[in-house]
Amino acid sequence: MYDITEWKHVFKLDPNKDITDDQLEQLCESGTDAVLIGGSDHVTEDDVLRLMSKVRRFLVPCVLEVSTIDAIVPGFDLYFIPTVLNSRDTDWIAGLHKKAMKEYGELMSPEEIVVEGYCILNQDCKAAALTNADTELDIEDIKAYARVAEHLFRLPVFYLEYSGMLGDSETVKETKAVLQETTLFYGGGIKDAETAVKMAEHADVIVVGNAIYENFEEALKTVQAVKG
């Protein structure tokens, strides 16, 4: 089994975006703790399967972040299931999850499932629009959601998602301070070693996504920046 509490760095690949085989090899052998496959836009079963089969050639843990029921495929090491705690639509908190379990529950091992308590904080990102997230939150609201994740729902992961923009490091610091058992993931705006170190100072795990497609060489540098 994989222990996510030991992770520090994750690359997130969008199956709807292009990456060369050479880039994928460099990424998978970079020393990152896992490769997460997922996205919020036009994710298809075929694209997920194609990308998974390529990542599977390497030893790095391969994880599917489930964003649509139609793109759940077998063969991943872990399945990350987001529940968007600050969504105004209950489908994104538990409704879609019930549908997924109804269809695939008997096929999925509980040991392979990791539930992420998402808090989406960039009002302009696709994920916020898709999930109808309430992004007008102050730090006390965010800490309250973190406590909901850990103390009420006993979730293994609380995920601060800024998706496309760099968040406030003080917010990450204060959020981390209220978590004892739940692992804090941070994603959004990490584009180079400097921004990686800034967010990794307080988050347990940083997720690097868009930078892979915008400046690949700088994205690669984020691994050693946080793992040494």
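Heads up, residue numbers simply count up from 1 along the chain you see.
Placed from the backbone N, Cα and C atoms, the Cβ positions cover glycine too.
According to Swiss-Prot, the residue from GLY31, GLY189, GLY228 that belongs to the sn-glycerol 1-phosphate site alongside LYS12, TYR159, LEU160, GLU161, TYR162, SER163, GLY164, GLY209, ASN210 is GLY189. Sorting the binding-site residues GLY164, GLY209 by the number of other Cβ atoms within 10 Å puts GLY209 first. For the pair formed by TYR162 (sn-glycerol 1-phosphate binding site) and SER40 (Mg(2+) binding site), distance between Cα atoms is given as 14 Å, rounded to the nearest Å. Spanning the residues LYS12, TYR159, LEU160, GLU161, TYR162, SER163, GLY164, GLY189, GLY209, ASN210 that the record associates with binding sn-glycerol 1-phosphate, the maximal Cα-Cα distance equals 17 Å.
Other than LYS12, TYR159, LEU160, GLU161, TYR162, SER163, GLY164, GLY189, GLY209, ASN210, the residues of this chain whose Cβ falls within 8 Å of the Cβ centroid of the sn-glycerol 1-phosphate site are, in sequence order, ASN122, CYS125, MET165, TYR186, GLY187, GLY188, ILE190, VAL207. Around LEU160 (sn-glycerol 1-phosphate binding site), the same-chain residues six or more apart in sequence whose CB sits under 8 Å from its CB are CYS119, LEU121, ILE142, GLY167, THR171, VAL172, THR175, LEU184, PHE185, TYR186, GLY187, GLY188, ALA203, listed in sequence order.
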